[in-house]
Amino acid sequence: MSLHSTHNRNNSGDILDIPSSQNSSSLNALTHSSRLKLHLKSDMSECENDDPLLRSAGKVRDINRTYVISASRKTADMPLTPNPVGRLALQRRTTRNKESSLLVSELEDTTEKTAETRLTLQRRAKTDSAEKWKTAEIDSVKMTLNVGGETENNGVSKESRTNVRIVNNAKNSFVASSVPLDEDPQVIEMMADKKYKETFSAPSRANENVALKYSSNRPPIASLSQTEVVRSGHLTTKPTQSKLDIKVLGTGNLYHRSIGKEIAKTSNKFGSLEKRTPTKCTTEHKLTTKCSLPQLKSPAPSILKNRMSNLQVKQRPKSSFLANKQERSAENTILPEEETVVQNTSAGKDPLKVENSQVTVAVRVRPFTKREKIEKASQVVFMSGKEITVEHPDTKQVYNFIYDVSFWSFDECHPHYASQTTVYEKLAAPLLERAFEGFNTCLFAYGQTGSGKSYTMMGFSEEPGIIPRFCEDLFSQVARKQTQEVSYHIEMSFFEVYNEKIHDLLVCKDENGQRKQPLRVREHPVYGPYVEALSMNIVSSYADIQSWLELGNKQRATAATGMNDKSSRSHSVFTLVMTQTKTEFVEGEEHDHRITSRINLIDLAGSERCSTAHTNGDRLKEGVSINKSLLTLGKVISALSEQANQRSVFIPYRESVLTWLLKESLGGNSKTAMIATISPAASNIEETLSTLRYANQARLIVNIAKVNEDMNAKLIRELKAEIAKLKAAQRNSRNIDPERYRLCRQEITSLRMKLHQQERDMAEMQRVWKEKFEQAEKRKLQETKELQKAGIMFQMDNHLPNLVNLNEDPQLSEMLLYMIKEGTTTVGKYKPNSSHDIQLSGVLIADDHCTIKNFGGTVSIIPVGEAKTYVNGKHILEITVLRHGDRVILGGDHYFRFNHPVEVQKGKRPSGRDTPISEGPKDFEFAKNELLMAQRSQLEAEIKEAQLKAKEEMMQGIQIAKEMAQQELSSQKAAYESKIKALEAELREESQRKKMQEINNQKANHKIEELEKAKQHLEQEIYVNKKRLEMETLATKQALEDHSIRHARILEALETEKQKIAKEVQILQQNRNNRDKTFTVQTTWSSMKLSMMIQEANAISSKLKTYYVFGRHDISDKSSSDTSIRVRNLKLGISTFWSLEKFESKLAAMKELYESNGSNRGEDAFCDPEDEWEPDITDAPVSSLSRRRSRSLMKNRRISGCLHDIQVHPIKNLHSSHSSGLMDKSSTIYSNSAESFLPGICKELIGSSLDFFGQSYDEERTIADSLINSFLKIYNGLFAISKAHEEQDEESQDNLFSSDRAIQSLTIQTACAFEQLVVLMKHWLSDLLPCTNIARLEDELRQEVKKLGGYLQLFLQGCCLDISSMIKEAQKNAIQIVQQAVKYVGQLAVLKGSKLHFLENGNNKAASVQEEFMDAVCDGVGLGMKILLDSGLEKAKELQHELFRQCTKNEVTKEMKTNAMGLIRSLENIFAESKIKSFRRQVQEENFEYQDFKRMVNRAPEFLKLKHCLEKAIEIIISALKGCHSDINLLQTCVESIRNLASDFYSDFSVPSTSVGSYESRVTHIVHQELESLAKSLLFCFESEESPDLLKPWETYNQNTKEEHQQSKSSGIDGSKNKGVPKRVYELHGSSPAVSSEECTPSRIQWV
């Protein structure tokens, strides 16, 4: 079991390890000594491996301890039985440090020759309590404590064992036996102090291990006088078998025999405390106690209690220095101590301060509500101690649950009744103590709606909850603890999570005066998830927090005034950030360091009340959608509980905003507690059981909490440790090492420099703190003034009338108060520059809604225009006098109650217009029911009107279908008649030809004989043709008769349907006029709500100037009625239907869009790609319908439903040649000529894929190329399909996709290209570097692709329905999105350094590719290059600023800093010049071709590499300036890369040799030479700083260069030929972007 695994839970222990007065320990000396040894060894494990000079010091430190149990004899000499008097011989080492230890000061007369001093521990039994003890069965505690680096000369065997006897002195506790203080000064009394306890807590569940707890209310043991504890580094006992067996006797006998087994598995993963498992550790576990032991609390910020369970020591390899030292020393010689000071100063506090802690779970049972008492609800929840019992009323099954703490708030008369104070003291107060120690803490409340969560967390004014008590206690403790050495700074934030969106409750509008937009969650690589742009306000007193809390709660009420926005559906998160600044003195200097604690107090949303509405699943669906956070929270808790059982599972933190933000609180760095509130009533049994199971799983979560210290604390500890080393080395002059002494002094200097830098930063932060505090105060005043207009009053006048808000959530009712001043008070919509006295938000609130007049104590309300204003449920249209208690509803969703204090004082009774029911409470339910009753007739009229309109639309559809059928049959009849006429004309021609033949026969009698055979043949042919024509004529007439019969049937069926619907319409009209009771419509609150929602949707659509109209669509029959929402697009002439659930979700999106004043994603709120659109038949005359329009209307569901059983066969071409008969043609008249092209298309796609697979490596493209190719396929496919649709014949009966193989192929290719686009984009974007610009472009590209998919769906749906307007609109939007998306791809390709082969041979491609598409790609490349160069310039400025802040120690570092600054400026000039060149090429040159963009893309990786190398080189330089060791080879590599890349850029800047070009070329050459010189000088300075031997040559060089510089002033030349880097001076006339020296004049620039 490792430190981060589960601690033992104790059902009877106090929360968060509150100490028990019955517990004590007898393992302090044993476990502390072993722990101290592990700690000291782990502290130096890394530095000894890295620095061989410190290994000699490491051997002294590992062996050095103040006391060791007598090691003067070898193990073989030790007796096999313990000393009868119970003595343990301890040895105390000599020391030269007289200031570090009290024992050393008492024994100054001890000489250095004394190698050993006896020290004994004696155990005596108390005579007065002997009867209470049973026979002590002593099982020895055998454990292996192998000390690394020890040999036989230490007198300690590697298999040494310890024998510890533990007895019980009280019930259910372990008490160390008392030891009297002997007269011998070498004897130490081991007293059982209640403030120092160590206990084994009884496991509360099966399969849980026993953990050792360490508790202290005083400083840790290591910081006490050494006369109280044994600080032993070596333990010598008899060689027994390695077994840990602790047996405790007492009233509740508790046998722990599996401790060793569990501890042996432990591996401490913190602070390099990795330990090996002993070779043999056989134990067993027995639990016979009935009473559980209370857990202890350790307020000290350490992990001692976690380390107590780790009794194995990792053996350190022997060092050769230590071995040689031991060979030369005598057998019993022990090395002197050097680090007692270090132990006294730092051993008392564990610098790691990491603790494993499980989530503490508490359950609170609330009392019955008034409603439950009236209904006489039965109690099903009972409590006995910490056990909660639930009895199911139906199944009679009994459920038992045990938690850390159980609060019984059901009955105030109960002896264990838990009040608000009890809940805070037991659950929240320990969290506050842990927060002062530097841990993050979290407390969240969970339970169903109405179970008491908000009461527990916030409470009321007379009974405050956890949050107000926590804040008040926080500042009271801060006032007590704040001193000159310790100061406190506290910040707070308050936000809510509603519908997966975060709203800041402390800010009501943004900087532009608009409503604050939802915030986003980001994740920091170190500090974890955080809310971006969340306001953090500094608070200095509890009054500040009270005012901010009140403001936040009232803002929450303001946001929840809408009918659909329920506050019970949102989670509120209250966060405090406490920073403790502590001052310490090191060598007389004052240093500060900080400890930060983050406190989260969370009120989760209520769980779904689905069990009370089994018949309706809409409520449950809404809850699943809105409360996604609760569902994900359950998943996270379940996964974490499985992880606690050593299972590797995925934790879905990021599926919800709430769990993402609580990542550290659940399984991370936090001390977390949870309180689950439940109802005792039988009606809530299912929610109660669900909550208890939820809480039971949360108990298994293990957090790894650590103290949040800054770097100063670590630096101060290291500085003190180094100072202590030097003092010890000075006292021990015989073992002094000059090299080591010099290194220690150098390290102290480095640490002091770091510390001073940190202090400068902290001073700057202190100044920022003050500025933030002043800004917070100003912002609070501004928010108060703004919120007064929104009903948030902090000061109330008891004489003025007022309006108080009513809300469905009782927690938010009566939170807003609007004062009615003397005179006129105007009410209107909330706007940035609005002058209204009362400003309300909402779609149905008009700009000027109403006016309230208060004259002489009489208050009246006057509506303005058509604004919806209701008084006591009645819609008013004129001035109305308000009386005390009246209900005022504005806009349909703002509910208020009117209060008139003057009328109440005068004793006036409410007006007679109040109904008898109005004597009850005037709450939201009362006002809602009153409005519903008053508006019942209006709602009934709306519903009947909607049903009547639906019937009329159906009749209109049938009439259209009838007329369309009539047109189709008329066209068929005309076709048959024309065919008959053609056949008759052919028959007449044949008869005339026969007559002509007879005349010819008479004239040619002389040829009769010759033509006799021909005559017979012709007569036979004429007879056959005549018969054939007669048969065809007969068949045509028969077909005409059949169609006439079918036509008559169609007309008869349509007429019957028309008469049926006409009768229903007549009945509806009669019921509407006569108000017949036989036709009633049940009016419910949902109908009223739906009417308001439709009005809101139409108002939003009208104000945003969209073309969507929403209406109610009711279809009723004898059995049931179906209500849906019809959505019409007036621009495209199409309509669709939404379900009520979908309409509610879309309306929420519309509201959000309306509040944000519209955005580029506005279309998504009004339409959905999944919608099934159809042609709108409303107001569509039949005479205007073309063949294509008729074909699209036939696909309308309302029209096609009428003709479902009647099929009209199409008329085929009956033309036949003379050579073919009727039987040959009849087989093809009704055959389906369309064939399936799908297999062939798929075959071609597979072939093209194989061709791509077979391409050579030279033809490979990047992912960016593939993305652009996919966009190009979609781009061309849209144009081709749209063109084919336009060219289709208007009178064609075929669908666009039915017979055109090319269109089918294009459609499939477009769909495949989009799929490939999505897959490639996910891979490509996941590989991008983390950057603000890249992240923004990545989000925008994702959004564009999502919108493209939606418009492609609409485009194909329009093609299937033959709706031209829909096709054109979708194509236009999709083309715009494609062009914008390829711009983003071009920018990202440049920023990522990816090549674009697509631009190769761009001029040739432009002929076949759309020119707009190529221009979009090139525009993206140009923008990407601009962003890249700007980021390079910004990075150069950042590096200059960072380098400028560094201090220099000598001339070498000063020169190194100067050269580095010059190098940065040179590269900054490269970026600036490249930016100018790129812009000049794009703007000034007309022949800027695609090849230029290709070169631009190829340059991008070089700029990225140059930026990276510069950043890395400056980091190395800064590290060297700070005194840290750096890698010279890495710096050389970076500088060499910079020189090569700069050389390429300078060659690119060169121009042809002209008069101007030659001058620019010379300037470029000089600048290049300067960069080369700076690079070489920088490397030389760095080598000089890293190598101390080069200091003297550098000084010589520096002196020579100064002399040469003086000579160069007089002679004008530089004759330096000495060591070092030569200094070249170039003089140029004119201006140039170079760095000038001090001797430069305005007309001349000197280059060095």
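Here the Cβ of each residue, glycine as well, is placed from N, Cα and C on the backbone.
The coiled coil annotation in Swiss-Prot falls on one of the ranges 601-617, 1145-1161, 1332-1348, namely 1332-1348.
Here the candidates are Ser641, Ser690, Ser937, Ser1431, and Swiss-Prot annotates Ser937 as phosphoserine. Swiss-Prot records phosphoserine for one of Ser21, Ser272, Ser1637, namely Ser272.
Ser1292 is the residue among Ser242, Ser834, Ser1292 that Swiss-Prot describes as phosphoserine. In Swiss-Prot, the feature phosphoserine is attached to one residue out of Ser12, Ser1192, Ser1220, namely Ser12. DSSP assigns Gly450 (ATP binding site) to coil in the three-state reduction, outside any helix or strand. Summary of the ATP site environment: with the site residues Gly447, Gln448, Thr449, Gly450, Ser451, Gly452, Lys453, Ser454 set aside, the chain residues having Cβ atoms within 8 Å of the Cβ mean position are Arg366, Gly606, Thr677, Ser679. Counting residues of the domain 'FHA' (825-891) by DSSP class, helix then strand then coil, yields 0 helix, 34 strand, 33 coil.
Minimal Cβ crowding within 10 Å, among the binding-site residues Gln448, Thr449, Ser451, Ser454, is found at Thr449. Here the Cβ of Gly447 (ATP binding site) has 28 other Cβ atoms within 10 Å, regardless of which shown protein chain they belong to. Residues belonging to the domain 'FHA' (825-891) score a mean pLDDT of 88 in the model.
In the shown protein chains, 28 other C-beta atoms lie within 10 A of the C-beta of Lys453 (ATP binding site).
Note: Gly450 (ATP binding site) has non-local neighbours Thr369, Gly606, Ser679, i.e. same-chain residues 6+ apart with C-beta under 8 A of its own C-beta.
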